[in-house]
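Since the structure comes first, as structure tokens, the remarks are kept for the end.
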Amino acid sequence: MTLHNNNTTSPLFPNISSSWIHGPSDTGLPPGTVTHFGSYNISRAAGNLSSPNGTTSDPLGGHTIWQVVFIAFLTGVLALVTIIGNILVIVAFKVNKQLKTVNNYFLLSLACADLIIGVISMNLFTTYIIMNRWALGNLACDLWLSIDYVASNASVMNLLVISFDRYFSITRPLTYRAKRTTKRAGVMIGLAWVISFILWAPAILFWQYFVGKRTVPPGECFIQFLSEPTITFGTAIAAFYMPVTIMTILYWRIYKETEKRTKELAGLQASGTEAEAENFVHPTGSSRSCSSYELQQQSMKRSARRKYGRCHFWFTTKSWKPSAEQMDQDHSSSDSWNNNDAAASLENSASSDEEDIGSETRAIYSIVLKLPGHSTILNSTKLPSSDNLQVPEEELGSVGLERKPSKLQTQQSMDDGGSFQKSFSKLPIQLESAVDTAKASDVNSSVGKTTATLPLSFKEATLAKRFALKTRSQITKRKRMSLIKEKKAAQTLSAILLAFIITWTPYNIMVLVNTFCDSCIPKTYWNLGYWLCYINSTVNPVCYALCNKTFRNTFKMLLLCQCDKRKRRKQQYQQRQSVIFHKRVPEQAL
């Protein structure tokens, strides 16, 4: 966590401890500076008065008993809140299945790092502050520093992973979310911890063996290779300022992309309102064309182009039997729709939620309904216009009629004159599915092929358009809900990032200042800045609760000991469902 050496544990109230030290004041000396007065060794870092054999003259480190009680109480409460808060996060993730999402796996890893800091780092550093010396030996010192730095660096790495995950989820929703699985999240979390361990643990534990001696004085505890301010400055840049810069840039990009999607959604809702007025079917048999509607984000950028989209609504395929062949026939048309023709297509987009399923599949079922109009022969200059739906004569049976699928492809392009071309298939009835990736062979048919017609009432056409408008609102609602989820995740990230910057920046600013001015930072500020970094582990669970309603409700349930009630309600519900099922089985058997 801390990027400077840990030997800045002078008394929290230096004016009190100065009464124990006789001679010139050591105020303003850089961390780790040692001054000698006669037979005494006064360490500016440890702030204790000791004889050459290492015995300490002041057991309270220069503090009064009330100061010790105040420091112990304040830091003890912070450590307890940190431990309880992060344990709540871990237990909530365990008991509530709604929290077992990919994004929350990263928060779980962050909570584990914060829990380690609350259990080990906070308490040992408090002891170090109160006693003004390290009394647990060299091995315990190195182990504490290793755990402290690995857990703190893992927190930074987890924040980086969360930032990149949010960024790719918003900017690359189709490609990234298909690969966004819990297994991949576990790999990323493991890499964050492994990298943190490799960077700090070996150097802290074995540096004294690399250089051949231990230069940390007895009674002090700090990282040996960070005793030089220049090295400390380099580690501060690499381990704090660079990650913070990257996370800030990513969050800014996330914010801009979210705002962009909000504007696009507002435009989509506005186009849906206009479509209700545009899609009025006249009793004479003619109708206006479907208003422009585009689901894909890329098409939204082409605001200068006129778009003739499709109206979408849900459709079931129980009564439809797809054929093995799909007949295509491309024909061009004039720059406008025929007044007697209108098309309504059905589309079912089944996409998995980004937090529940790692991949997305899309099933598209389409059917074109022709409104009553003049029956004409399809040619290269006019759109197909008919009073009835057209079905190949070969597909008509003697006993009953069975609708078969055909493929409809509409392609439109704009030239400089504002005209466009469309390609239509000969058959207006269409059923295509993209769930299975199998590709049916396309067989071209001639223009003069004989067709039969099925009557289509005005009521059916009106019903189709009504479903299309309803589904438009459903798709808009689904997009709005997805955007709300993205905003909530971005809010959680912003809260965590803001807390991280606020709590870590003061100490790292002092590190930079100390590199150029080793007498500008008072001793007390070092201790406060060091402890402020620890407080970040206390604040993180609060950020989860404030920004995530599910976390907040689960925390409340755990604190009020309502887990058993929740389990009992679930068991009672399952029992009721089982009773209902058993009651229905005999009825079905009869």
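Every residue gets a Cβ built from N, Cα and C, even glycine.
Between ASN15, ASN379, ASN444, the residue that has N-linked glycosylation site written against it in Swiss-Prot is ASN15. Membrane topology per Swiss-Prot: HIS63 and GLN562 sit on opposite sides, carrying different topological domain names.
Among the candidates ASN7, ASN153, the residue that Swiss-Prot annotates as N-linked glycosylation site is ASN7. When Swiss-Prot is consulted, the disulfide partner of CYS221, picked from CYS141, CYS290, turns out to be CYS141.
In summary, of the candidate residues ASN53, ASN548, the record from Swiss-Prot lists N-linked glycosylation site for ASN53, whereas the others have no such entry there. Of the candidates ASN6, ASN536, Swiss-Prot records N-linked glycosylation site for ASN6; the remaining residues carry no such annotation there, which does not rule it out for them.
Within the same chain, the transmembrane segment (143-164) stays apart from the transmembrane segment (68-91): fewer than three Cβ pairs sit under 8 Å, each pair at least 6 residues apart. A sphere of 10 angstroms centred on the C-beta of CYS221 (disulfide bond) encloses 26 other C-beta atoms.
Across 68-91, 105-125, 230-252, 528-547, stretch 528-547 shows the highest tally of CB pairs under 8 A with the transmembrane segment (493-513). Spatially, the transmembrane segment (105-125) is not adjacent to the transmembrane segment (230-252); fewer than three Cβ-Cβ distances between them are under 8 Å for residues at least 6 apart in sequence. Scored on C-beta pairs under 8 angstroms, the neighbour of the transmembrane segment (68-91) with the top count among 185-207, 230-252, 528-547 is 528-547.
Reduced to three states, the DSSP call for CYS221 (disulfide bond) is coil.
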